[in-house]
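Asker: Before we start, here is the structure in question, set down as C-alpha cells.
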Amino acid sequence: MDAQEKKYDASAITVLEGLQAVRERPGMYIGDTGVTGLHHLVYEVVDNSIDEAMAGFCTEVVVRILEDGGISISDNGRGIPIQIHEKESAKQGREISALEVVLTVLHAGGKFDKDSYKVSGGLHGVGVSCVNALSEKFIAKVFKDGQAYSMEFSRGAPLTTLQVLGPTDKRGTEVLFYPDPAIFSTCVFDRAILMKRLRELAFLNRGVTIVFEDDRDTGFDKVVFFYEGGIQSFVSYLNQNKEILFPNPIYMQGSRPGDDGDIEFEAALQWNSGYSELIYSYANNIPTRQGGTHLTGFSTALTRAVNSYIKAHNLSKSDKLSLTGEDIKEGLVAIVSVKVPNPQFEGQTKQKLGNSDVGSVSQQISGEVLTTFFEENPQIAKTIVDKVFVAAQAREAAKRARELTLRKSALDSARLPGKLIDCLEKDPEKCEMYIVEGDSAGGSAKQGRDRRFQAILPIRGKILNVEKARLQKVFQNQEIGSIIAALGCGIGKDNFNLSKLRYKRIIIMTDADVDGSHIRTLLLTFFYRHMSALIENECVYIAQPPLYRVSKKKDFRYILSEKEMDGYLLNLGTKESQIVFDDTLRDLRGEALETFVNLILEVESFIVSLEKKAIPFSEFLDMFRDGAYPLYYYPPESGKQGGSYLYSHEEKEAAIAANEESASRILELYKGSVLEELQRDLGDYGYDIRNYLHPKGSGITVSTEDPKISPYVCYTLKEVIDYLKGLGRKGIEIQRYKGLGEMNADQLWDTTMNPEQRTLVRVSLKDAVEADHIFTMLMGEEVPPRREFIESHALSIRMNNLDI
C-alpha cells in the first residue's frame, strides 16, 4: 500500500448538517437536477396546499410564474404555525419559530401528526425544506390569526428572523422561490408541465379551485381549474371528442378499515367506441404510473363483474371465445384514486402502490357498485357486453394477423423489411433510422447519409390513421408493417420490448408542405397509440429540413422557418437604411432604427396575442371608447353570435356577479401595463398602436445608401416593416423548398442529416392527458370538435403559410 494513501477510519466519515445533504445530493430528494427536478420543487409546495384542502381547511391555491422567473404558490389554508418551537429551540440554544423548523429541518412537519393530517402526499416530510435548500432565494409569508408574517432564506439558510408585517384579513401561506442556477441545468419553468399537474390535482380534489398565472407572457390568460364533478369530470374530459357508449360516467366511492386506518376509495369509468384503453391511478394524489394494488383490485372486480353478468344473463356469443381483461378495457376510460393513511410505495419515485389491504378494499367496493349498476341498467350493460365481444373477436383476428406478420418477418429477417437501407453499426445506442417520405427523398437520403450509423426507411404515401383502426388493420398495413419490422421491438402492450429496439433514434423526415405535415402526424399518432414507450423514452425525433436557401453572390445560408426568414430580411433591410419622420424631420439609423423597428415588432406580437384569442386587431381598434381599449372579452355561448367587451376590472366583476359561470369564460386580452407601455413608447415617436394599420397623416420616409433606390414614403407602421423586408430581398436569390426531393444528397446531408449541423426536435410527452385529447380531436372520427378547433385557430394562421 502507498505510504501516502490516506487511512480510512472514523475520521473519514463526514456528517452533513441541516440541509447541506440536500445540496450535496439533490437527486436523492427530487429525482434529478434537470427539467423534472425543477418542476418537482413546485409540486412539493403545491402538495402542502392540497394536503390542507384534503384536511378541509383550504379551498383555493394560486400558482404564479413571475416575470423575473421566480414562482409563487399561495393558499387560503390555516397557515404554517409561527409560534416558538420549544424542542428545536432548546436543541439549538436560540428561539426558533415553527415556520423556520418546517423550512430548514428535514422530516419536520405536521404530516407525521395524524391529528393534523389523516392522509398526505408528502410522505417523506422533506418537501418544502428541500425546496428551500435548492433555492437561491426563498421567501415564506404566513397569514394567521389576523397578522402577516415573513421570513427570507437563501440556499436553506435564514437571512432574516421571523418578521411581523402587520395586520391582515387574509389567511394561509405564500411561498415565493427562485431555483438555484448552481444546482439546476435550467431554471425556466415550463407552463405545459405545470398546468398538466395542476389540472390533475383539481380533478382529484373536488371543489378545490387552482388558479395558474404566467406573468412572463403578456398574451397568456390566467387559467382556473375547478371541477365540481371531481374524477367524474376527469373521465368526461378524457372522453371529450369521443363517441361515448352511455351519457354519464359510472361513479363509485367508499371507505373501509385498513391496517393503519380508514382507506378511502374512489373511481369513475366510462366506455367509448374507440380502441384505446386509458386508465390513470392515484394514491394520495400521487400518480401511480405503474399501478399497484388499488388498480389490480379495480381491474379484477371489473373483469369479474362483466363475466358474471354475461353468465347470469346468457349473453355469451361463442363457447370458443374466452374474454380477457384486455377485451373488457377496450375503449375504457377510468380514474382510480385512493386515500391511504400510510401508503407503501415501491421505489423512491412512488410509481407503484404496494399496500395489500388497499387491493381488497378496491376490489370489494368496485365489485359491489359494478354488479348493482349492471343489474339496474341492463341496456347500458348490454351495450358494454356487445363491445367487449367485438373487441375479443378483433383480438383474435389481430393475433392471427400478428402471427402472419411475424412469420413473414422471420422469412425476411435476412434482408429486413422491404426498402430499408440499413447501417453498418449494430449497437442500437449508436444507430439512428430516418423514416423518409417518398422514394425520391429516400434516394437522396441514401446517397447523403453516413452509412456507418444512419439507416433509411422510405415510406410511400400516407400511412394508415391508427386512431380510426383496430389492431388487425394496423398489422395489415404494408408501410406500418415495414416500420414494425425495421424497429424490431414489437408492438402492443404485451409484445413490445424496448430492449430489442434496433435504433435508439427514430427520425421522421417529411416534406415542408401540408402532405408532409399530415404524414408526420399519422406517424406520431401510430407511435403514440401503439409504441408509446418510444415517445416516453424520447427515442422519436422530427428532422428540420430548411424551408429556404438564400444566396447572395457566392455566399449562401439555409433558413428553417418563415419567422427566421422574416427576421433575416428585416435585419438586411434595416442595416443600410435610415428613416425620417416627415412631421418632425427626426431621423433614425443604426441602433436607433433597430430600436424603433423592434418596437413595431412588439406591436405585431401584441396583435398575434389578440388573434390567438380570436380577436381581430381591426375589431379591437374599433372598440376604443372614452380614451380606453377593452381589457377583457366575454365570448358568446357556443353556437351563438356576439360577445361583449369589458373595459375595467369592475366591469368584469359585475359580469361575474350577474352570471357566476362567466368567470371561466371571460378572457383577459392583455396584462394592463402591456398596452400602456406600448402606447408610451410609441408616443415617444409621435405614434400609437392605431397607426400600425391606420395612417397618421404625415409619413415616414425610408431611404438607403444605394443611389439606385429612390426614397419611399410609408404611411403606416406595418408598411415600414413590409418595405424594410422588401429592401432586404434586393440582391439576394431565395429558393423555397417544397419537398425533400428538391435537395441533392450533399444539401440534405449538410442541412438535415449531419449531426454536427442539423436541428432535430425531440418528441416528448409532457402531458399525456392533453396529448390524448389532441390526437383524438385531430385524428378521430368526430368531425364537429375538429371543425371548432380549426375555426377558433383560423386567425392564427398566416396566409403565406397556407399550402393551397
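All positions are counted from 1 along the displayed chain.
Each Cβ is built from the backbone N, Cα and C atoms, and glycine gets one as well.
Summarising the annotation, Swiss-Prot assigns Mg(2+) 1 binding site to Glu437, Asp511. Marked as Mg(2+) 2 binding site by Swiss-Prot on the basis of sequence analysis: Asp511, Asp513. Among the features that Swiss-Prot reports, domain 'Toprim' is placed at 431-546, with the record citing sequence analysis. Annotated site 'Interaction with DNA' per Swiss-Prot: Lys462, Asn465, in sequence order.
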Asker: Check each residue in the chain of Lys462 (site 'Interaction with DNA') that is at least six apart in sequence and keep those whose C-beta is under 8 Å from its C-beta; list them in sequence order.
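Answerer: Expected: Asp515, His518, Ile519, Leu522.
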Asker: So of Glu437, Asp511, Asp513, which of the binding-site residues has the fewest other Cβ atoms within 10 Å around its own Cβ?
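Answerer: Result for the binding-site residues Glu437, Asp511, Asp513: minimum number of other Cβ atoms within 10 Å at Asp513.
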Asker: Average the per-residue pLDDT over the domain 'Toprim' (431-546) and send me the rounded value.
Answerer: 87
Asker: Reported as an integer number of Å, what is the Cα distance between Glu437 (Mg(2+) 1 binding site) and Asp513 (Mg(2+) 2 binding site)?
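Answerer: On Cα coordinates alone, these residues lie 12 Å apart.
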Asker: Give me the Cα-Cα distance between Asn465 (site 'Interaction with DNA') and Asp511 (Mg(2+) 1 binding site), rounded to a whole Å.
Answerer: 19
Asker: When a 10 Å sphere is centred on the Cβ of Asn465 (site 'Interaction with DNA'), how many other Cβ atoms does it contain?
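Answerer: Its Cβ has 16 other Cβ atoms within 10 Å.
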Asker: Would you identify the secondary structure of Asp511 (Mg(2+) 1 binding site) according to DSSP, in three states?
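Answerer: DSSP assigns Asp511 (Mg(2+) 1 binding site) to coil.
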Asker: Per DSSP, what is the residue tally for the domain 'Toprim' (431-546) in helix, strand and coil?
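Answerer: Its residues divide into 54 helix, 21 strand, 41 coil.
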